[in-house]
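Peer 1: Heads up, here are the entries from Swiss-Prot:
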BINDING   D112, D141, L142  S-adenosyl-L-methionine binding site
Amino acid sequence: MTILDSPGAPDTGIDALALGTAVARVRETSSDQPLFTDRYSQMLVDAAGPMEPDQAALAVPGYVAARTKWFDDFFLAASAAGLAQIVLLSPGLDTRAWRLPWLNDTVIFEVDRPRTLAFKQQTLTRAGVTPTATYVPVPVDLGDDWPRALTAAGFSHGEPTAWAAEGLYADLPEAEQDNLLERIDLYSARGSRIAMDVDADGPDVVCWLCARHWEMGSTDAPDVMARYHRDAAGAPSGVFVEGRKL
């Protein structure tokens, strides 16, 4: 079962792994020493309605916590470096557009399925929550021509972009993995940044991007979890990669 085909919660169409990830973020927020504070995931989980126990267990809490913090740090560093154009690919119930302290000129594009984006935006709007940056939803499936939809929504491929594919790449078929990287590379201006978590036994993303003039680095998932003092038991054997286009 992947994030692309896992069954959704009743009446919402939101896939179970996205909901499980939101539950893990809720648990981290309520822990004694949270790596981040995400007050909005609880709103989304509540709005989604009842879940089966096995659905909530799809995401490993310690791994999700460390991964969320790692991507938070990536975004904040990119923003501090002057990147004002942010693209989140298939973010699910991610709430960074509402919870991170973005600079005033930041524009955040979220590319995801229409029902997912509508559910998230409507739930948070009803709760009186407003984004902390200019928020632009791009309702399109990643299997479709999402670069065209992204450009139509106001994205500028001439400006440096911070790209993020969190919890996505390893769940794509190999052909779609290649297509995703090719499109990101094609629409990335010099100085753009990228962050992804990938399968340790999957394609060599670092090598692929380095061959296309990206300066890349990688960290094994257990090392990221150790950095943030989270238990790696049961966590995927992933690799966190990030880099900058030269």
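Residue numbering: from 1, along the chain as shown.
Backbone N, Cα and C atoms are what each Cβ position is placed from, and that goes for glycine too.
Relative to the rest of the structure, where do these features sit?
Peer 2: Secondary structure from DSSP puts D141 (S-adenosyl-L-methionine binding site) in coil. Around D141 (S-adenosyl-L-methionine binding site), the same-chain residues six or more apart in sequence whose CB sits under 8 Å from its CB are R113, listed in sequence order.
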Peer 1: Given the S-adenosyl-L-methionine binding site residues D112, D141, L142 in the record, what is the largest Cα to Cα distance, rounded to whole Å?
Peer 2: 7
Peer 1: So if I draw a 10 Å sphere around the Cβ of D112 (S-adenosyl-L-methionine binding site), how many other Cβ atoms end up inside it?
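Peer 2: Around the Cβ of D112 (S-adenosyl-L-methionine binding site), 24 other Cβ atoms lie within 10 Å.
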Peer 1: Does anything in the same chain, at least 6 positions from L142 (S-adenosyl-L-methionine binding site), have a Cβ under 8 Å from its Cβ, and if so what?
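Peer 2: L142 (S-adenosyl-L-methionine binding site) has long-range Cβ partners L89, S90, V111, L168, L172, E176, L180.
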